[in-house]
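Taken from Swiss-Prot as is:
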ACT_SITE  His117  active site, pros-phosphohistidine intermediate
BINDING   Lys11, Phe59, Arg87, Thr93, Arg104, Asn114  ATP binding site
Amino acid sequence: MALERTFSIIKPDAVAKNVIGAIYNRFESAGLRIVASKMIHMSKEQAEGFYAEHKERPFFGALVDFMTSGPVMVQVLEGENAVLANREIMGATNPADAASGTLRSDYAASIDENAVHGSDAPESAAREIAYFFSEEEICPRTR
């Protein structure tokens, strides 16, 4: 088992539903520790930069509009195999396909407004964490 970090976003739809605490409880109940967290309202430039890999996809404009439509919570999660653990907690990208009891099954309305984002690999996690957090903002949990 490898101790690793992953990046997570609670998207505008879930923030609007006031389920931040419930989502944090799921992370912690699964053994993940929140080592950095902040609420931000992404600018168009931030959202375009973060999702730059999707720039040529037909959904890019709608994704940027959605991610800038309200505040989001960005956080760094740490734990054993954190990337995979968080992806299991989130469930399938499309909430219609998400297993019962996952975040997307419980809190997402559609594939477009699917409540949460999580890194898909340790390499993307490192890049995404650095996009929103300086090393000084991350507080390792040693106790």
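Every residue number used here counts from 1 along the chain in the order it is shown.
Note: Cβ is positioned from N, Cα and C throughout, glycine not excepted.
Sequence features annotated in Swiss-Prot and their locations in the structure.
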{"residue": "Lys11", "record": "ATP binding site", "Cβ contacts under 8 Å, 6 or more apart": "Phe66, Met67, Val72, Glu113, Asn114, Ala115, Val116, His117"}
{"residue": "Phe59", "record": "ATP binding site", "Cβ contacts under 8 Å, 6 or more apart": "Asp112"}
{"residue": "Arg87", "record": "ATP binding site", "Cβ contacts under 8 Å, 6 or more apart": "Gly118, Asp120"}
{"residue": "Thr93", "record": "ATP binding site", "Cβ contacts under 8 Å, 6 or more apart": "Arg104, Ile111, Asn114"}
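Spread of the ATP binding residues is 22 Å (greatest Cα-Cα distance among Lys11, Phe59, Arg87, Thr93, Arg104, Asn114). The DSSP secondary structure for Arg104 (ATP binding site) is helix.
Counting neighbouring Cβ atoms within 10 Å of each of the recorded positions (Arg104, His117), the lowest count belongs to His117. Within 10 Å of the C-beta of Asn114 (ATP binding site) there are 23 other C-beta atoms, taking all protein chains into account.
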